[in-house]
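Comments concern the structure below.
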2 protein chains.
Amino acid sequence: MNYFSSNFKLGILGGGQLGKMLLNDTRKFDIYTCVLDASNEAPCKIASNEFHLGDLMDYDAVYNFGKQVDVLTFEIENVNVDALEALEKEGVKVYPASQTLRTIQNKARQKLFYRDNNLPTSPFTRFAYTSEVKEAIEHGSLTIPFVWKSAQFGYDGQGVKIVKSVSDLEGLPNVECIAEELVPFKNELAVIVARTPSGESKNFPVVEMEFHPEANQVEYVICPARIPEDVAQKAIDVALKTSEAFNHVGLLAVEMFQTQNDEILINEVAPRPHNSGHQSIEASYTSQFEQHLRAILNLPLGRTDSKVGGVMVNLVGSEGYSGNVVYENISNIMGLDGVTPHIYGKKQTRPFRKMGHVTIVDQDINMARKIAEEVKSTIKVISE
Amino acid sequence: MNYFSSNFKLGILGGGQLGKMLLNDTRKFDIYTCVLDASNEAPCKIASNEFHLGDLMDYDAVYNFGKQVDVLTFEIENVNVDALEALEKEGVKVYPASQTLRTIQNKARQKLFYRDNNLPTSPFTRFAYTSEVKEAIEHGSLTIPFVWKSAQFGYDGQGVKIVKSVSDLEGLPNVECIAEELVPFKNELAVIVARTPSGESKNFPVVEMEFHPEANQVEYVICPARIPEDVAQKAIDVALKTSEAFNHVGLLAVEMFQTQNDEILINEVAPRPHNSGHQSIEASYTSQFEQHLRAILNLPLGRTDSKVGGVMVNLVGSEGYSGNVVYENISNIMGLDGVTPHIYGKKQTRPFRKMGHVTIVDQDINMARKIAEEVKSTIKVISE
């Protein structure tokens, strides 16, 4: 199929910031692109050839949208997977596949997948309801502390709780969940793998998520990770094996723990462009977004090594501010060497909402890391 | 003024490929952008916030469009400069300024500007009509060979003719023109300078335009130019001096000849992003498009040094093909290291039409140059 013609249509489910960055590359290659999103203010409304309004969890909305395109992908996991499966049966190329997404959408199923495929992950127990977790503690089959995770639609900061005493279970929803062993880790790492329908596969370098010592929030993504070569290679091997186990097509971001004794354990995966790969736009020979396109269109994958070192800082809404967003001191950070802000185009800020990110590049990763600190202490996402 | 808010509007005159690449950066910064172009199929129709239809040479169309924006720029020189001047008087920030454009639009005026400002350029004579050129030859005040250039709207391959005998003048339009001394040159070089309203100024590295030995057409743009350091510095000095003489705001691409005895002579300038800077998207810390935005918005200018070496190859329509465009073997070139195609999104090809470009980057500029040769011999712009 000739992708570089107006007879071809690419569909993207979700019109958020990941889709928006992907559209830079569909525009670069002049690939005709249709986007489905529930919000008329989605960042992807501009720069797509066609923008369709619809609920991503609605079977008919996804199915009817998917019937109009040749290749369908998504920038968010919360989409109607039954519709994807129906579309696959009718010949639409859905990448990543519905089966992959079905496995990943449920955290219990995801963990079982790792276990079944001999992929390293922390020990866990699956529960049909949170109430059963309490019973397991009482019966002594589960010991505190552990990490409670809702099986469905868990996201950072939601659907996840570190349980240090039985009372921490109070107020949690009574849903399907897992209890995961708490892993004391040295580093949180990530590797993004791209894989084509033909099975060609390439990985980006290992990145390191540096945490704020008190807030326990990712502050910086650093590429390459400042870890020994053999640990990096172990992480890459795990990521490649994971991508192959899924028979994955497109990008797979594999988040991992480097334990105190340098073991690698899979934390979770995302079957799409990922926050841990944003620095690739400026730092890599090929950005993760271009690579995703190349993968799902079965084009040759691009070089994944880095031109320069890259550090990424998320721009999230400051606490105490809601309303029309203002990026305070943005011109100040643009005066620093190698600094590129990416503003996602969401009109309203609220505490911790992802509003953009800033990439800092330099030949010397330590210099980039230093400038990143200045960026972080200078720019503020507030409201009018 | 807060550019990063929806109260601010940037206007771009012209919706072609340069505007299209500029829109990647307005989207990146979420800057509200309006585009005026005469064609409903302009590449900028997608990715601008507002697309307006109108003739760029029409006073009213440009004036009425310009009244709606805060900062106005252009991606093409052929715009109604009287309208720009009127808008400036009414407080619209027009960058580059109407006066600069007026000087550049007329090649005779442009040459006089260099002479008046002690900027090096080849000797020339100005004529009100081409018929006077013939008389000057007959009277012996002008000697053959020379380069005839139409003063107005001359473009590469049009409005320019090398005159080796009187008969070469036959068929040329009887218009205002110049006769320029033919400069035997070693290299054609270019330097892009960015300058802000505050007078901050930064130059990109010197690039080299490598010509096809027989066709006398630019085949490769190579960054950095493979020339001695002192010659490069001389070219940079001339470019910076030129930008300052114009009191320029925005990008100024200065095309120069490196003569046989390593003199630098200005050939011509373009007050906008330029073909000789396309490789900056992949090779530089800051792309020329982002730099243009930073300049006209009076933001700090970005780093202009290179992350890696870059070579650019234009994708022009092959001879003998007209109609719906096909990029033959595009996936083959995407399998080569460090290769990024940019497809401008013009539906119809015709011989020599600029349809896109390909950038090749590598740490080693000679390796990039070698891969560029393979790109050039592989991809073909043909029709269905």
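Backbone N, Cα and C define each Cβ position, glycine as well.
Of all Cβ atoms in the shown protein chains, 20 besides its own fall within 10 Å of the Cβ of B:Glu188 (ATP binding site). The ATP binding site feature in TrEMBL is assigned to B:Lys107, B:Lys149, B:Glu180, B:Glu181, B:Leu182, B:Val183, B:Glu188, B:Asn267, B:Glu268.
Feature annotation from TrEMBL assigns domain 'ATP-grasp' to B:111-297.
Cβ neighbour count for B:Leu182 (ATP binding site): 14 (other Cβ atoms within 10 Å of its Cβ, all protein chains included). Here the binding-site residues are B:Glu180, B:Glu268, and the one with the most other Cβ atoms within 10 Å of its Cβ is B:Glu180. Around B:Lys107 (ATP binding site), a 10 Å sphere centred on its CB holds 23 further CB atoms from the protein chains shown. A mean pLDDT of 94 is what the model gives for the domain 'ATP-grasp' (B:111-297). According to DSSP, B:Glu268 (ATP binding site) sits within a strand segment.
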